[in-house]
Amino acid sequence: MAEQVLPQALYLSNMRKAVKIRERTPEDIFKPTNGIIHHFKTMHRYTLEMFRTCQFCPQFREIIHKALIDKNIQASLESQKKLNWCREVRKLVALKTNGDGNCLMHATSQYMWGVQDTDLVLRKALFSTLKETDTRNFKFRWQLESLKSQEFVETGLCYDTRNWNDEWDNLIKMASTDTPMARSGLQYNSLEEIHIFVLCNILRRPIIVISDKMLRSLESGSNFAPLKVGGIYLPLHWPAQECYRYPIVLGYDSHHFVPLVTLKDSGPEIRAVPLVNRDRGRFEDLKVHFLTDPENEMKEKLLKEYLMVIEIPVQGWDHGTTHLINAAKLDEANLPKEINLVDDYFELVQHEYKKWQENSEQGRSEMHAQNPMESSLPQLSLMDVKCETPNCPFFMSVNTQPLCHECSERRQKNQNKLPKLNSKPGPEGLPGMALGASRGEAYEPLAWNPEEPTGGPHSAPPTAPSPFLFSETTAMKCRSPGCPFTLNVQHNGFCERCHNARQLHASHAADHTRHLDPGKCQACLQDVTRTFNGICSTCFKRTTAEASSSLSTSLPPSCHQRSKSDPSQLVRSPSPHSCHRAGNDAPAGCLSQAARTPGDRTGTSKCRKAGCMYFGTPENKGFCTLCFIEYRENKHLVAASGKASPTASRFQNTIPCLGRECGTLGSTMFEGYCQKCFIEAQNQRFHEAKRTEEQLRSSQRRDVPRTTQSTSRPKCARASCKNILACRSEELCMECQHPNPRMGPGAHRGEPAPEDPPKQRCWAPACDHFGNAKCNGYCNECFQFKQMYG
């Protein structure tokens, strides 16, 4: 079995590399003779990262986790909201370490190199530092920390010099490797906070310990005593320029240390660890250990010097609030290939996975041969991809892909009935047309009906999402546009804040399950600025491209087949009802994007269309002017589609939008632009007009003297002509001296000619239309736009 074949530690995958690491580690320690602390030269800069496991099936993934991950500590820290509580940063996993009393060194060594400190290299370096170097600074910091502790403050305990020296000598003995009589029956004595502080100075690298604040009972969960080990340990005995600023992250629970490592290529989250705890309705900074009083006043500065501190947004406790918290950036995997044990373990896992798959397939085939009527454990054949049936909550299987077991059985039943129904020759017996359907109603593709009873789910239960949904590759941002938070699969792809906001808005509607958002495509559920019969331009282009193949099979074109490999679509729950219908049976809500009533927007005067920045009016049914034009256009098309053929509802002679880098379709109603680009162009035109309005007025003022001066010049003698004479000696202008030959025979020079003054361009910049006096020099369109939005 794979459980027995997979090694229980990383170093067991390649013993040669493990030996090479153990040889290099002691050689890298530098021990000065002038009293300076012992320290590593280069090997303290390495960092381990775990490989991805989402490509394996859930059963084999569980085998990997059982071999390498300490599930008890991980679950304990996560349940206490100390680990992985922030969705904006990458998830950390706890690797197993030996519980022999040297777990602090095991965890630190494994975080950097992938091997445990079985040779006691780190423990010997710690002991030699405490014995052979100047430790007065360490002792002074330890005394300050002890005096501030709860034992001294609450009990009023006072130590004299002899007591302090005895306690310090005891701490040095605890770090020794020669401990035949260790406490608690362990091979080595457990270490304390001061040992972590000395260790981070030996490594010249910060250490962050994630731990609970209280020691709790394993049975009742009651508090025993406060825990002080959690917090930040900075290498304060070194200048920040000589330290490695990426911290080592350890977890501590039940008197045991484990390394907390990130997963390689795990998703879009930030590779960082929060420097705060979320507890009791507030964010509390992690404690920075062993600071002197002057250093405590400049704690923020020290953190930014020794760590790469960044700010990340997190959701506040109150609804709609956002907080910026500090987080320390984590290092990525940088082990050289000759000492990288993760790559070797991953190759071994891939090899064992192939063997495990072959054994599983062979076992299923033998079981099916013994009892053909019995299904061969369909749960073991589940894949991490949703069933292709619209709105089906189950996952597809290896044997029934691209459908789940339920939909596959229903399709087989329907196919068995089709030959009987379609036995008639001629048009009535076309495949894909169901007899007994209403006129013009085509055969509907298989869709999930939540009301249909099933005899027990052979697939994954809909109330328990697949572990794949929580894996590292599905970590995506919230579906709400502009929201910086990470989604929660339990909230239908939204973060907690946006989900609560949607719940509040949905409570005002009587039947929100049938409520369609005109700002969303009904096929791919994406937020769009313009829809065509309820679908976005991308899905519309796809349906028109598939029109020929759809007509050949007499099936209605499906709106949009979602990609099976797109993880963002896996976490989005489809609409409770299907919109894939055709003909007269199509509900108006699925074809139109304007099914809302003004009562749904009570308390606000914003436009009814989602994402529109303008305000609506009661005359336009709650829409702004532009959205109301689009609403009337789509409503007219919906009314006409009921009388036309199924293919008549498609738009003909569509043109792409004239906007730059815009892939949507344009509309003649918006001068060839889509609605979004039209609004942007009008806004730009309006701002340019507003910006240059003063310049235009000043130019008009300058033109006034010129016109008054020109009026003093002699005009044409003809009463109907207002032209200015080119020469003072003449009585008629050049136009009257040479009449237009195209004048009709009934016209003569004595008749007054119609006035046709020269036209003037619109005052708005970049406008090709002509202005008029009624609109103050603007064209009708720009003047109306200026009246509406100016």
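Glycine is no exception: its Cβ is also placed from the backbone N, Cα and C atoms.
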Which range, 148-183, 328-363, 472-507, does Swiss-Prot list as zinc finger?
472-507
Do you know which of 277-312, 601-636 Swiss-Prot annotates as zinc finger?
601-636
Tell me which range among 8-11, 48-51, 224-227 Swiss-Prot lists as region 'Interaction with ubiquitin'.
224-227
Please report the Cα separation of Cys716 (Zn(2+) 6 binding site) and His256 (active site, proton acceptor) in Å, rounded to an integer.
107
Which binding-site residues from the set Cys478, Cys483, Cys495, Cys498, Cys612, Cys736 come within 10 angstroms of His256 (active site, proton acceptor), judged by C-alpha positions?
none
Looking at the recorded positions Asp100, Cys103, Cys498, Cys733, Cys736, whose Cα is closest in space to that of Cys624 (Zn(2+) 4 binding site)?
Cys498
Rounded distance in angstrom between the Cα atoms of Cys612 (Zn(2+) 4 binding site) and Cys478 (Zn(2+) 2 binding site):
20
Three states by DSSP: which one describes Cys478 (Zn(2+) 2 binding site)?
coil
Fewest other Cβ within 10 angstroms of its own Cβ, chosen from the recorded positions Cys103, Cys495, Cys498, Cys624, Cys736:
Cys736
Starting from the Zn(2+) 4 site formed by Cys607, Cys612, Cys624, Cys627, give every other residue of that chain whose CB sits within 8 Å of the mean position of their CB atoms, in sequence order.
Lys606, Arg608, Lys609, Met613, Tyr614, Phe615, Gly616, Phe623, Thr625, Leu626, Phe628
Recorded positions near Cys733 (Zn(2+) 6 binding site), in sequence order, restricted to Cys103, Cys483, Cys498 and a 10 Å Cα cut-off:
none
Looking only at Cβ atoms, how many others are within 10 Å of the one on Cys607 (Zn(2+) 4 binding site)?
22
Could you tell me which three-state DSSP class His256 (active site, proton acceptor) falls into?
strand
